[in-house]
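Down below is the structure, laid out as structure tokens.
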């Protein structure tokens, strides 16, 4: 084609999203392919297997680079630290069969992906399962408001494919093949073939049996998960829906035929949504508990027909979710407006939907703890290098002694199977598996098990306030009405007399989004309490006639039996603008039956007051607000306005309704702390885990709750950080002032040395609003890390600001947990290292962890279990490494005499000892108390490496000592293996002239002496076997992260049982048993000497582990002596601020163009520490 074949070779998919990938184009070459096939045949399939494990090598060798447009194979690579590759075959699709002429496809959609695919076929790297984001609100109404034509629908169906979340039940044979081709089992197959060649029949058969059992259990588990997930999505793929066809009317079809742009008709009654859709007319109430875990019904309103050039998502900002119906959620109520039926335009289909995202996150959980995995691989490489050294040693020893080449090769390969435990990577996950089961029993569910170990590293937890730290249900405390620019007497609740009729009463009766569902009033707890105070009832089945005499579904509220006398029959709620976290308010348009139309607004008092006419807001508004928020009350502002008749309510914009309002008063609600909040926060504080409040509530209320909950100690000071933008948003100012400045106080005392001392010692907390946070992040970026270091209260935060805050904490190298409700906190829960959603659902797309009990007690529980899982992984790692090296050292020692362990000796060590220990060591539960430091975060850490190296040296010393000293014994004979037990007359003498593996033996003794028996063999095997028990006991770490080892009864019983069997083998001297186990009789004094060697090794190992490896004060002293400082950004910043006497500034205002305060250059931009931390916590 005359262009560079590498041009346009690369592109990025899903940029900025969680599943971001890179795509590369390749073209298959015939000659390369032929050579590869020849390689497959010549290597007996080994090359094909290698390409199965490394798909990128397959593509690189079979194909040449080319542009994506020419590619027939694409290579995909994830952008995370793992850089995982996969390849896909390119499928070309043709839409020419559906397009006979250009007039068949509308020119109005020239900017659409689908139009480009039809009219200008060329390369287009983009997702096509969704409606493009560039459409404006009006464009969506105009282009899709009448539905797609059949031709358009057919073209889109060909390009997009079916609207299915396809999770097929994988056939058992496929699961079996996939499992068998795992590198672990392939290595096992190689080992088994080698053992059969060396006549290790029993051991090989045992390994085959164990491997088959493991494979079948894994396949059974995968099959069960596959069926469960298939059932989860099965209903989604077979729903009958009604769509509107342009010029053809309504049409019933199955949901898998839906495409982006289709116009869905939502009928009355419950409906399960088969796709993501934008509501374009009417109103819906939806149950989104499947996604967010929130069981409270959510009101959705139609997309406004705004004549704006901004894309619809940008125009709607954070409120775009209010217009989107998500796949997998249930529509429980629909309300048509004056335009007739309720309609929604299909936005996304298949795996691009919200439910598809949940299923994908379960199928392909985001890999975590990369550093731990990488360290394990490094250590595995070290063991392979050790095995290579052993192989060279083996070849030299056997070759110099004239052994046959085949035997030398077998013995050399055998060293690999001994030195490299193939189960080492699997051993790191055993703690996670048991922990996940324990968490499930405690009502904490996990869809991303890899994050469990990360929970053990958490050192900062963000909490939402309402429903998380405080009770979900609010209690009405009082109502402070306002008339003629003045606050009136407060109306307290509960009161003997009801509220008097008036605008405030009407606001309480209609300004909500409550519905009647399953016979009960459902909705936001605040709305429920507010409405119940009126003693009115909701008539949700009423029909409302508009000015054109058309009947529409509407909610009508009427006086109840206990209600005070009202001059109206009822009030009809004509239209709602649901609560928006970004706008911090909600509004309704209501009409008294037979009366005028009015708008009512409620929300954050500061926000509502700004929307009101200044002459209606009392002059003492701020002081009254401060009075109640400082006591921890939740305060809601109320306002209203009369609307002119003529324009239909649905046609009014939010801006028109929420302007020039009349201020009505303040609703004061009591927000009680949950009973468990204070003890949990105290426990986290004692464990040196920072706690931060991130809420949408008022800053004064948040600070009071933080003080009551113990986040802010009584002796600590709170500094309010207020930032404001100047005209045009080009400049900004930031001010620091004590919270007490809002009270009557002499501020000259702020320079008091005692206060300065408190500030210098870090006994202060910053509090700021979402608006100030946004301005600081934009104009004072260099100050943000300093503020976050002591920031404890972040109020009036929008969902996107919560997510941003979590990411900023992560940039400071904090391991961040987030605990919230799963709705407004959804983004922050997903961004955090460990997001915990308090929900009744087992799994939600909101977060990797879900606690069925709505209590923050799950947070320390998760941290405890995470720490235990992490320590268990390290214990298993150390044990597996030591077991293989102990066996490796023993075998190499015996190779010196052309000897080795016997089949049953290997069998006993590998199965009876190591396998049973590996299964039971992880049963140890988490320690109930959180200590004020974390376990190490990496395998390659000085204490852990020193522990492994020292224990290797102890084992090596003991085995060499036993090997050498036994040869010095007076009863020792190299040729007569019965010389030590002359008193046993029934022993036959072995006349073999050599104890080599292949020496010539007397035919009569060939069964009883297979060449393995020797004094060295017996000594080294008994020492190495019991040494495995010693390291298992020494490495089974208990306190401070796990319970003492004696609480793991199964493990202790196993160790006692194994030790008993080993001692029995040492002292039994039973001919038949010794013959089977290739042991020889030794004098009792030597056996006692071996016990003494083992006792010394145990004492030294235990003493070193306790006095050196686990001696935290010693390591801290070493750190101090060598002046080692943590490399974590927040630790470095703390050290900088300790030297800065001018921080924090008090009663000062800085401007964005004149700030002189600077932070070290490398404090500003940091890499996200999701996978590792540079902090060495001992």
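Cβ atoms here come from the backbone N, Cα and C positions, even for glycine.
Checked against TrEMBL, the range among 838-858, 859-879, 985-1005, 1048-1068 recorded as transmembrane segment is 1048-1068.
Checking TrEMBL for transmembrane segment across the ranges 351-375, 376-400, 451-475 points to 376-400. Among the ranges 1088-1109, 1110-1131, 1132-1153, the stretch that TrEMBL annotates as transmembrane segment is 1088-1109. Below 8 A, the CB atoms of the transmembrane segment (944-966) and the transmembrane segment (880-898) form 3+ pairs separated by six or more positions in the chain.
Contacts between the transmembrane segment (880-898) and the transmembrane segment (1018-1036): present, as 3 or more C-beta pairs lie under 8 angstroms, all at sequence separation of six or more. Segment contact holds for the transmembrane segment (1088-1109) and the transmembrane segment (1018-1036), given three or more CB pairs below 8 angstroms at sequence separation of 6 or more. For the domain 'Cation-transporting P-type ATPase N-terminal' (127-200), residue counts in helix, strand and coil come to 43 helix, 2 strand, 29 coil, using DSSP.
With pairs at least 6 apart in sequence, the transmembrane segment (376-400) and the transmembrane segment (1018-1036) have fewer than 3 Cβ pairs within the 8 Å limit; the two do not touch. Long-range contacts of the transmembrane segment (376-400) within its own chain (CB-CB distance under 8 A, at least 6 residues past either end) are made by residues 407-408, 411-416, 418-421, 424-425, 428, 877, 881, 884-885, 888, 892, 895-896, 898, 939-940.
In this model, the domain 'Cation-transporting P-type ATPase N-terminal' (127-200) carries an average pLDDT of 79.
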